[in-house]
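TrEMBL has this to say about the protein:
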DOMAIN    B:39-134  domain 'HPt'
MOD_RES   B:His80  phosphohistidine
Amino acid sequence: MTLVLRFQIRLSYGRATFAPRTSSEQPRSIPQFRGLRVILADDDALNRTVTKKLLEKLGCEVTAVSSGFECLSALSSAENSVRLVVLDIQMPEMDGFEVATRIRKVRSRSWPLIIAVTASAEDNVWERCLQMGMNGMIRKPVLLQGMADELQRVLQRVGEGL
Amino acid sequence: MDVLSQLQRQLADFLASLYREGFVDDQFTQLQKLQDESSPDFVMEVVSLFFEDCEKLVNNMAKVLEQQVVDFKQVDSHVHQLKGSSSSIGAARIRNVCIAFKTFCEAQNREGCLRCLQQVNHEHAQLKANLQSLFTLERQIVAAGGSVPAMQ
């Protein structure tokens with residue numbers, strides 16, 4: 001409970017402080033996604049195709065894999081060049097939570113960033129995502145604007161050292 | 001009105017009717033927005049993937065439902081998948097049938113499930129026919145020298 005509250009306060013704080021700092025900083029509307037290296041993991045071919053295209057539309061360079069295992073191995077062979085992992089939570093064999101846990105065992109909390117994709121409408125999914133070391137969450141069906149907003153939010157938080 | 005304008009008007013009207021009758025929703029618009037010069041057949045490819053998926057799932061569900069003892073959990077997991085993919089591409093009617101279908105699975109109601117399966121088949125066939133008409137119109141427009149912009 002405390003964790004969720006704290007996160008929510010930080011969220012609004014983050015948004016509020018960004019607005020005034022316009023003179024020397026980048027304008028808020030320019031997304032910093034061009035060339036962003038992403039690994040997308042989703043076992044469903046259709047969802048994978050759509051989400052990959054969506055991320056590419058936003059400027060990302062995407063490697064799409066179909067399982068948690070493939071995700072971990074793609075990440076280790078890419079060394080440090082992958083900035084973001086977009087992870088479907090509901091995957092057979094190894095679900096998104098487990099993938100995130102394994103990633104965080106050997107990597108810092110902000111590199112790579114991890115965004116979960118879930119079909120679940122349950123409130124405590126976000127808490128679980130945070131506990132597993134994820135940085136963001138997006139609900140299915142994935143929309144272009146929704147993904148852009150969440151990507152921006154997650155990158156901004158890292159930029160502010162939160 | 002020249003041929004191209006006529007075709008474009010036809011396409012706009014047809015698309016509007018698909019939305020109006022609930023065959024497709026905003027998520028379909030999303031798909032169209034993702035189509036561009038680098039992937040001019042994106043919508044068609046995704047839609048084909050969906051129909052293949054749908055057929056496979058329906059066949060699996062039919063098999064499970066005709067068993068002496070029905071494994072409703074299995075049916076439910078197939079319905080869940082179909083609900084997800086129909087949702088992703090904006091196949092609104094199919095998604096809605098899936099919602100009802102899930103309720104019957106939870107209630108372990110075989111008759112209800114079979115009815116829903118029939119409905120899914122029906123909607124699948126209708127959507128397929130409709131989208132095929134849509135793609136044909138688009139092809140005709142391109143052949144007549146026009147282009148197909150992302151629909152709003």
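Sequential numbering from 1, following the chain as shown.
Here the Cβ of each residue, glycine as well, is placed from N, Cα and C on the backbone.
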**Fill in**
Around the Cβ of the residue listed as 'phosphohistidine', other Cβ atoms within 10 Å, all chains included, total 16
**Message:** Within the domain 'HPt' (B:39-134), what mean pLDDT does the predicted structure show?
**Reply:** 96
**Three-state composition of the domain 'HPt' (B:39-134), taking helix and strand from DSSP** = 82 helix, 1 strand, 13 coil
